[in-house]
Structure formats: C-alpha cells, structure tokens
Amino acid sequence: MKLWALLRKEWWHLARDYRTLLVLFILPLLQLILLGYAMETEPKQILLVIHDFDRTSLSRTLVDRLSGNPLFLVRRSELPASELFARREAEAVLTLLPGTTRSLIRGGDILPHLAVDASDPQRAQTVAAYILHAISAVLASIPSSSISATPVFLYNPTRESAFFFVPGITALLILMASALLSSLTITREKESGTFTLLRLSHLSPAEVIGGKLIPYFLLAGILSLVVLAAGMLLFGVPLKGNAFLLVGVLLLYTLTGISMGILVSSVAPTQQSAMLMSLLITLFPTLLLSGFIFPLESMPLVLRMIGHALPATYFLQCLRGIMLKGNTVSQLIPQLSALGGFTLFFLFVGTVRAKTLMELSS
C-alpha cells in the first residue's frame with residue numbers, strides 16, 4: 001500500500017509537470033523528424049550552369065536533356081565558373097567549347113569540360129557522378145565518346161574532408177561558447193535581485209546591455225581567434241582570401257553569438273534554464289540545419305527555411321568562401337548583411353527586455 005501511494009504521488013507530479021512531459025514526448029519526435037530529413041544524402045536541385053559555345057544539334061540536345069532532368073536546376077550565364085561558385089550561383093559548370101561535337105565524333109581531344117565546386121567534397125563527388133552519367137546517356141550513340149567529360153574539382157582538388165568540417169566545427173564552437181558565456185549575465189542579476197541596483201544607478205537599458213556585452217565580446221573574440229587558428233594549423237586548412245576580412249567576419253559572428261546569449265538571458269527565469277536554452281538553440285540547429293554536415297539543397301523546403309534563419313548558415317558560407325575560394329566583401333554582402341541583421345535584432349529585443357525587467361524591479 002505504501003508503494004502504491006508513492007506511485008500515485010509520482011504520477012500526479014508528472015501529470016502536473018507539463019514541461020517535463022513536453023520534453024519527454026515532443027523532443028524525441030522533433031529529433032527524429034530533423035535527423036530523418038536532414039540526413040538525406042541524395043542530391044536535389046543541383047545548380048548547373050551550361051556554357052554552350054559549340055551550338056550544334058548534339059550540344060542543344062545535351063542542354064535540353066539536362067534541363068529536363070528534375071535533379072538539375074540548369075541556368076545560363078556568361079560569368080566564369082570561379083565567379084559563379086563565389087556567388088553560390090552554381091555547384092557545377094559544364095562548358096562545351098567550339099568543335100566539341102566534331103571532336104567527339106572523330107575521337108579528338110576536345111571534350112566537355114566540367115568544373116565542380118568541391119568545397120563540400122562529398123556532395124561534389126556525387127554531383128559530378130550524376131552529371132557525367134547524364135552526359136554519357138546523351139552521348140551513348142557516339143562510339144568514340146566513351147569518356148564524356150573529365151571533372152575538375154575546384155577549391156579542394158584532393159577532396160580533403162577536413163577542409164569542409166573544420167569551418168563547420170569552428171562555427172559551432174564559437175556560437176555555443178559565446179552564447180553560453182553571455183546567457184548568464186541578466187539571469188544572474190534576476191536571481192540575486194540586483195536589478196533594483198541597476199535601476200538606481202541611473203543607467204539606461206542600452207548602457208546595461210553594453211556594459212554586459214563588451215567584456216564577454218572581448219573574451220569570446222580571443223577564444224574565437226584561438227579556435228580558428230588551431231583548426232587551420234592542426235588540419236592544414238588553407239586561407240586563400242583576405243586575413244583581415246576573415247577576422248572581421250569572425251568577430252561579427254562572435255558578436256552575434258554574444259547578442260543571442262544576452263537575449264536568452266533576458267528571457268530565461270534562471271541560470272540553469274538559460275544554459276539549457278542556449279544549448280538547444282545553438283547545438284542541434286547548427287549541427288543539422290546550417291550546412292555544417294548536411295547540404296541545405298538536399299533538405300525539404302521547410303527545413304531549408306529554418307536553416308536560412310540561423311546565423312551559423314551565413315557564417316559558414318563566409319568562412320568557407322574566404323578560406324577556400326578567396327571570396328571578397330562584395331561577394332559576401334548577403335551573408336554579412338544577414339549576420340548584421342541578426343545582431344541588431346538580438347540586441348534590440350534584449351535591450352527592450354532589460355528595460356522591462358528594470359521597470360518591474362522598481
């Protein structure tokens with residue numbers, strides 16, 4: 001009977017604790033859905049640009065076949081492959097030089113030229129295989145064209161996996177560390193009841209946020225530089241772009257993470273819940289939906305939209321672009337604008353919340 005009474009007591013506690021029940025049932029389902037869709041490895045919507053300088057019936061047939069294949073999003077552009085890859089407007093560029101058809105028929109040395117962005121080596125290998133298969137199917141009627149094209153892998157010709165994963169790990173660690181560092185600032189004041197002292201000090205909410213942000217930004221900025229330098233030295237990741245641009249983007253992303261942590265700190269009731277919230281909004285989304293491991297192009301539309309709402313997605317594009325492709329500021333304007341927008345939004349909402357808390361503590 002005592003055991004039965006204890007069981008009834010625990011069941012009543014569980015029934016009233018709806019937060020635990022939500023975590024128990026909803027979180028595993030969300031993880032299952034995210035992992036199931038995010039781990040889709042088959043390429044979808046391959047961005048393919050075709051330069052048809054041959055302009056023969058065979059080249060037009062090849063272009064039409066590739067355009068009609070649902071795997072490919074075929075575009076026409078006059079820009080060179082390097083510029084298309086830098087702007088993320090293509091994953092592969094197929095060039096048909098003048099005389100390609102005649103060379104294929106006569107067994108000459110002018111073949112279709114396929115350039116592939118290998119900053120994601122696994123996807124690049126798969127993309128090249130699909131395109132070569134499609135080309136071979138069209139050219140199967142020409143006996144001498146047993147080799148339809150030879151792919152050239154740009155930015156990572158040896159397809160080193162470290163060149164892809166080290167920037168992703170860097171993005172994850174910086175966001176987690178900066179958000180966790182700053183997520184305890186305001187909750188510490190709330191738990192200790194010192195928000196009244198902040199109000200009596202005649203500091204504005206913006207000054208309070210600034211005073212809490214700057215020390216953590218300096219500390220997290222140093223940590224970010226150390227993490228990036230260690231990744232480059234230990235794994236041999238190259239730097240083909242401007243070092244000052246790389247440091248600037250790194251510090252902007254660090255500021256974004258600090259601002260996110262301050263926003264979490266202004267919302268969370270306790271330091272423990274602030275740490276948990278910071279981990280939930282940085283670890284799993286960055287790991288699964290930012291392009292760190294799984295390409296966004298292979299995900300369903302809803303997950304792609306969530307991925308594009310994450311700061312880590314844009315930082316990863318900047319980091320890989322600067323380090324592997326040598327991207328410049330003009331080629332990274334959309335990504336830098338997104339990071340700046342995230343930072344301003346987090347700071348604005350955090351400041352409004354701090355003002356509300358200071359008024360409530362009076």
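Every residue, even glycine, has its Cβ placed from backbone N, Cα and C.
A TrEMBL annotation is a machine prediction, not a hand-curated record.
Under the heading domain 'ABC transmembrane type-2', TrEMBL lists 124-357. Taken from TrEMBL, the feature transmembrane segment applies to 21-39, 130-155, 162-186, 213-237, 244-268, 274-294, 301-323, 335-354.
Remote same-chain residues near the transmembrane segment (213-237) are listed as 160, 162-163, 166-167, 169-170, 173-174, 177-178, 181-182, 185, 246-247, 250-251, 253-255, 257-259, 261-262, 323, 347 (criterion: CB distance under 8 Å, separation of at least six residues from the stretch ends).
Through the fold, the transmembrane segment (244-268) approaches residues 171, 174-187, 209, 212-213, 216-217, 220-221, 224-225, 228, 274, 277-278, 281-282, 311, 315, 318-319, 322-323, 328-329, 332, 336, 339-340, 342-343, 346-347, 349-350, 353-354, 357 of its own chain, all at least 6 residues removed from its boundaries and within a Cβ separation under 8 Å. With a cut-off of 8 Å between Cβ atoms, the residues of this chain six or more beyond the transmembrane segment (162-186) that come close are 119-122, 155-156, 212-213, 216-217, 219-220, 223-224, 227-228, 231-232, 235-238, 250, 253-254, 256-262, 264-266, 268, 271, 274-275, 277-279, 281-283, 286-287, 290-293, 311-312, 315-316, 319-320, 323-324, 353-354, 357.
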